[in-house]
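**Q** Take a look at what Swiss-Prot says about it:
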type: TRANSMEM; residues: 58-78; note: transmembrane segment
type: TRANSMEM; residues: 84-104; note: transmembrane segment
type: TRANSMEM; residues: 111-131; note: transmembrane segment
type: ACT_SITE; residues: ASP113; note: active site
type: TRANSMEM; residues: 132-152; note: transmembrane segment
type: ACT_SITE; residues: ASP139; note: active site
Amino acid sequence: MKLFFSLALFVVAADQFSKYVALRFLRDANQSISIIPNFFSFTYAENRGIAFGLEPAPPALLLLFTMMISAAVLWYVLRSNNRRLIFLLPFSLILGGGVGNMIDRMVRGYVVDFIYFNLYNGYVGNIYLSLWPIFNIADSAITIGGTMLLLFHRTLFPDDPIA
């Protein structure tokens, strides 16, 4: 369990530190710093919604939802007897990412996003399309953890008939 909590704490710390740097160097001076021209940049954004910029509910409800998901992940891991790394790793990434974004919602009322891959910006017919959202380390951890759960479902949950 030390590994589970250590990794979750590391994700929270890395996420919060990176957001501090984004707030300090991107918010007021330059909204964007190009790393690889026309492909990768650090671009400051305030996300009041959830993944991919969706705003399905008021901020207080999103905060409550984040708290409930984080509590459910923690409860599930503590209740389980499985202590293998392949089991703990995805859940620690999801918990750490959830807590990192939850801190932002509690302190600022929005989540700081700053990582941007410019995969495609342009028109498809008459519709303008921006193919990739701006995200942060917490979002990355949640996505990686969720992907691991999907990829290793049979290994993680061998008794599940869906596996």
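Glycine is treated like the rest: Cβ placed from N, Cα and C.
Let's see these features in context: how buried, what's close, how far.
**A** Cβ-based neighbour count (10 Å, all protein chains) for ASP113 (active site) stands at 23.
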**Q** Given a Cβ distance threshold of under 8 angstroms, which distant residues of the chain, six or more beyond its ends, lie next to the transmembrane segment (111-131)?
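**A** The answer is 18-19, 22-23, 26, 32, 38-48, 101, 104-105, 137-140.
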**Q** Whole-number answer please: how many Å between the C-alpha atoms of ASP113 (active site) and ASP139 (active site)?
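**A** ASP139 (active site) has its Cα 9 Å from the Cα of ASP113 (active site).
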**Q** According to DSSP, does ASP113 (active site) fall in a helix, a strand, or coil?
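**A** DSSP assigns ASP113 (active site) to strand.
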**Q** Just to be sure I understand the packing, how many Cβ atoms besides its own are within 10 Å of the Cβ of ASP139 (active site)?
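**A** A count of 22.
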**Q** Name the secondary structure element type, per DSSP in three states, that contains ASP139 (active site).
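**A** Going by the DSSP assignment, ASP139 (active site) falls within a helical segment, counted as helix.
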